[in-house]
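Data block below; observations after.
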Amino acid sequence: MERQPKSLSDAVQLLQTTEIISKCTQTIIAEWSNEAETFKKRASSGRAGAELVLPSHELFNAQRTITAAIGKLIELVSEPSVRILEIAGQYQESRALYIAVERRIPDILASQDNEGGMPVKELSSRTGIEYRKLSRILRYLCSMGTFRQVGPDVFANNTISACLVANEPLRAYVRLTGSEAFTASDRLPKTLLDPSTGPSYDVTRTAWQDAIGTTKPRWEWIEERVEPDKLLDSGYHYPGIPSLILEPQPPGEDGLVARPELEIMGLAMVGGGRVFGAAHVFDFPWASLDNALVVDVGGGVGGFALQLSKVYPDLRFVIQDRGPVIQQALESVWPNENPAALKDQRVQFMEHSFFDKNPVEGADVYYLRYVLHDWSDDYCVNILSHIRESMAPHSRLLICEQVMNTTIGDPDLTSAPAPLPANYGFHARFSHSRDLTMMAAINGIERTPEEFKTILKSAGLALKQIWECRSQVSLLEAVRADARTA
C-alpha cells in the first residue's frame, strides 16, 4: 500500500496543535506551582477544600485541552496503517491492567520500599502468576506509563499505579470493567447483527445476556446466590472473577455463595463516583440549599451522598435503591464511611423501584446519578415521569450523567479550540468507551443535550441548565415544565 503525502492543511494543523500544547504546558506548570503553595497552607490550617481533590478550573481546562491535542498530534503524525494496528490491539492494555489490579500488584509493590522496587520472581510468588509471563505484562504496563521499571525484571509503582494502593473502590471499578463488562463487549459484534438483539433496546436482550447465558436482567443476576462451582463455570462465555481460582468463597449454611459481582458493583460505584464525582460536590451551589432534603434515586450504597455529607453538614438525604443494595449500604458502607450521619439521622435508606411513583413528595432535590444511561428512552421517560409526579413547583431534578458532545460540537456545550475535535477527542475516550459498555451490558445510552431534552419533555420536565463541571460527567438541572412557565 502506497503512502499518501501530507497536505499543507496537515502542516498548518500540526503547527496549531503544537502551539496549543506549548500554551497548555505553561499553564499546567504555573498551576502546579500554585497547587504546591495551596497544599502547604491547607496542611498547616488542617482544613480541607476543593483544591485537595480537584484541579483548579484553569488546570482542568489545560489538562483536557493538552490531552485532546496529544490525540490530534498522534492523528497527524502517525503512519495510518500503524495507527490502525495500534488501535486494534488496545484491548490488551485493559487486560494487562485488569490482571495487575486483580492480583493487587499496586498494594504488593507498596508493601516495601517503592524506590527500590520488587523483583518479578517475588511478585510471581505473591500473585500466583508465572514470573516470565508476569514480567511481560508489567513491561507492557510500564510502557503505557502505568507502572515503573527500575531494573532488569524489577518493578515499582509510579504516580499512576500508586492511586490504586489501599483503594478498594477504585480497584473495584477496574474489576467491574474488566470482568462481566469486558465479556459483554466481546459479544457485542455478534449481537449487533443478530435480527433479534440488534435492533432491540430491551435490558434482557443484550450482549451481556449472550455472554452470561441468562435471560435475567443484570441487576437480578448479580443478586443471586449460587453453588460455588458456578462462579467460575457458568457454562457460557463469562469466566467469572479470576481471583476465585486461588481464593474461593466459602459457602454459607445453605451451601450457596453470593455472586462477588454484587459487592464489586457497589464498591465500583463509590470508586467511579470519587473519580468523576468530586466536581459535582464543588461545582454546583449546594451551600445555598442550607438544610435541603436530597433524595438520591437509585443511589446505590449512597456514594455521592457520602461525599456531600462530609462537605455540607446541613444537607439531609434519603437514599433509595433495591433491597440488597440498601442492606449493603446500611451494614458495610455508611457505618465505616460516615457513622455520624447515621447517628444524627441525617440520612435515611429506603427500598424503592424508580419505576414506581417516588414516595418522597416535594423534596428540594431529586438526584439521579448514572441511572438514565442504564436505560433506553421509553424506560427513561417512565422513570422521569414517576419523579415528576412527586415534585413540587420548587423541586429540582439534578441528573448526573455524561453529556455527549461530538467532534463537530454542540451549541449547549463548550467546544475545544480548533483544530482539535470539538468534544476534546482523546480526552473524551472514556466517555465513549462507557457509552459502548452501556450498549453491550444493558442497552443503555449516553446522551447528547438534544436527546436529554427529548426524554425530559416527554416526561413533563424542562431542562433549565447544564452545569459543565471539572469532570467528564455533567449535571443537568431540570424542573417541572409547568413550574418553568408559571
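In case you wondered, yes, glycine gets a Cβ from its N, Cα and C as well.
If you draw a 10 Å sphere around the CB of R369 (S-adenosyl-L-methionine binding site), it holds 24 other CB atoms from the protein chains shown. Among the features that Swiss-Prot reports, S-adenosyl-L-methionine binding site is placed at G298, G299, D321, S353, F354, R369.
Sequence-distant contacts of H373 (active site, proton acceptor), defined by Cβ-Cβ distance under 8 angstroms and a gap of at least six in the same chain, are E401, Q402, R434, D435, M438, G444, I445, E446, R447. Secondary structure at H373 (active site, proton acceptor), taken from DSSP and collapsed to helix, strand or coil, is helix. Marked as active site, proton acceptor by Swiss-Prot: H373.
Each of the binding-site residues G298, G299 was scored by how many other Cβ atoms lie within 10 Å of its Cβ, and the smallest score goes to G298. DSSP classifies G298 (S-adenosyl-L-methionine binding site) as coil under the three-state reduction. With a 10 A radius on its CB, F354 (S-adenosyl-L-methionine binding site) counts 22 other CB atoms from all the protein chains.
Here the Cβ of S353 (S-adenosyl-L-methionine binding site) has 13 other Cβ atoms within 10 Å, regardless of which shown protein chain they belong to.
Taking the Cβ of D321 (S-adenosyl-L-methionine binding site) as reference, residues of its chain lying under 8 Å away and at least six apart in sequence are, in sequence order, G298, G299, G300, V301, A329, E351, H352.
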